[in-house]
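Contents: one structure, followed by commentary.
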Amino acid sequence: MSSIKTTSSSRLFTVGLVSAWYSSNIGVLLLNKYLLSNYGFKYPIFLTMCHMSSCALLSYIAIAWMKMVPLQTIRSRVQFVKISALSLIFCASVVSGNISLRYLPVSFNQAIGATTPFFTAVFAYLLTLKTEAFLTYITLIPVVTGVVIASGGEPSFNLFGFIMCIGATAARALKTVVQGMLLSSEGEKLNSMNLLLYMAPIAVILLLPATMYMEENVVGITIALARQDFGIVWLLLFNSSLAYFVNLTNFLVTKHTSALTLQVLGNAKGAVAVVVSILIFRNPVSVTGMAGYTLTVIGVILYGEVKKRSAK
């Protein structure tokens, strides 16, 4: 009887984790879109800096105070330089993604984001000369074709936003490949929570001069906005906290589910985000655009299946 209760509690815990993962991921995406596009807060670099500041503070609380995971220390200057390089790529990815949300609807943003496997395969070959099975490359054809079709059928297409979103997706894939290269030895490997603990403060240092130069007087403008509508402060605080919880729940879901479950949930998450964003923002969608996105998702699912079988 106790084993049945334990299994039931475990399932409930996993469902709760997945729900929190979905809510934080989709929530931060929709809030970013609302702030940068609908609310008119046109400062994506400052917003990213808020996210990174929150991640730095909450990571320290979670690891140093709450002991959620053991603290892993940086062992050498070389390892620190490697983490700094990853942080720079991470910044480029998040900033580009936030900029793209000013110009593109979330649904189209997610369609482009689904092409990450394509860029991962390209960078893996360019940087490590790692080749995949021929069938793996075949599955990438619908991934790319779907985005081409979706772009042609997107009523709200914006070239600058499209370029920024492609840049964000490419940078996300580059970080994955570079992380595998730089932190490959056992002595240098860090779990995602500890990696965020070190990357986030470095990201804040990198983003601060960029914010001051490219988004002049943003702090003064935000204070002036807060005097008119204090709600912006709560929105920024909630949004920044959610950005940390995306990373926390991603770590916990990875820890408590299988790789296959994570893959299936990840594919479904993009589709859920698209549906929710269309319902909330009422952005126009076309049959061609949705057909293109569907083709991309099918390609990503096939890619995952082929990769799983070739790994056996």
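Cβ coordinates come from backbone N, Cα and C, glycine included.
Just so you know, TrEMBL annotations never went through curation; they're auto-generated.
A quick note: this is a predicted structure, and the numbers were derived from the prediction, not measured.
Database features, via TrEMBL:
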- 17-303: domain 'Sugar phosphate transporter' (DOMAIN)
- 12-31: transmembrane segment (TRANSMEM)
- 43-66: transmembrane segment (TRANSMEM)
- 78-101: transmembrane segment (TRANSMEM)
- 107-127: transmembrane segment (TRANSMEM)
- 134-151: transmembrane segment (TRANSMEM)
- 157-174: transmembrane segment (TRANSMEM)
- 195-212: transmembrane segment (TRANSMEM)
- 232-253: transmembrane segment (TRANSMEM)
- 260-281: transmembrane segment (TRANSMEM)
- 287-306: transmembrane segment (TRANSMEM)
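Ranked by Cβ pairs under 8 Å to the transmembrane segment (134-151), the stretches 12-31, 78-101, 157-174, 195-212, 287-306 are led by 287-306.
Simply put, out of 43-66, 78-101, 232-253, 287-306, 43-66 has the most Cβ pairs sitting under 8 Å from the transmembrane segment (195-212). Residues belonging to the domain 'Sugar phosphate transporter' (17-303) score a mean pLDDT of 92 in the model.
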